[in-house]
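Quick look at what TrEMBL lists:
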DOMAIN    98-216  domain 'SEA'
TRANSMEM  71-94  transmembrane segment
Amino acid sequence: MKDLHSTPFPPRHTSQCDSCIFHHHSLRRPDFSKAFVGGQKGYQAYRDLPWDLQKIHQSAIKIRHLEPRKIALIVIGTAVAAAITIGLLVYFLAYDQKLFYYSANVKLTNIRYNNEFSRQSSGRFRDLSERVERLIDKTFYNSILRKKYIRSRLIRVSPDADGVMAEALLTFWFSATDSREALRQRVQRILRRGLKKYTGPLRINIRSSTVSSKYITPLLQVVLVNF
């Protein structure tokens, strides 16, 4: 039997020490590029690595494979959170709003009533409705209620002292918790302010022009919104 103590040490070592294996490993810089490359040769290179370096290399490979999955999960999670946030905002902004209808009565003193005004399909009615609706639209589009205002529609022309009374239906989006009366007063102030600035062919009695609350049945509401 050979004497184990007589086995010479590798040339790179000058003396035997308890940490010989550690020094041997620390002096050699591991080459991971050869691991798992080229079949048996790559496998042999991997097997030649110390067990602790093999473990580190395996962990690095696992991290490389898991990193894209983690990134994908983060991206998906961020997108889902953003979608939920936007959905909640849209829900509260949309479903907390309610259609408010007001009746604007504008007195015109330079127009005399004619039986054609009783028919909305007549030329006189259409011409007057175009003028009145354009005036009201311009008034509210240039006011603080421009984001709440939807549209106006002339629905009736009736005879009145010294002229006619044009009744237009005004539609707004307001919060369901807002006071209908407080909003009516604001709408009337804005409308009268716009009528004062008007310089067109219509002669308007501003004092006799008022705004009142209008209650619409569900069926008529659908017809007016889709009109």
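Quick reminder: no glycine exception, Cβ is built from N, Cα and C everywhere.
What TrEMBL says about a protein is an automatic prediction, not a curated fact.
In this model, the domain 'SEA' (98-216) carries an average pLDDT of 92. For the domain 'SEA' (98-216), residue counts in helix, strand and coil come to 41 helix, 46 strand, 32 coil, using DSSP.
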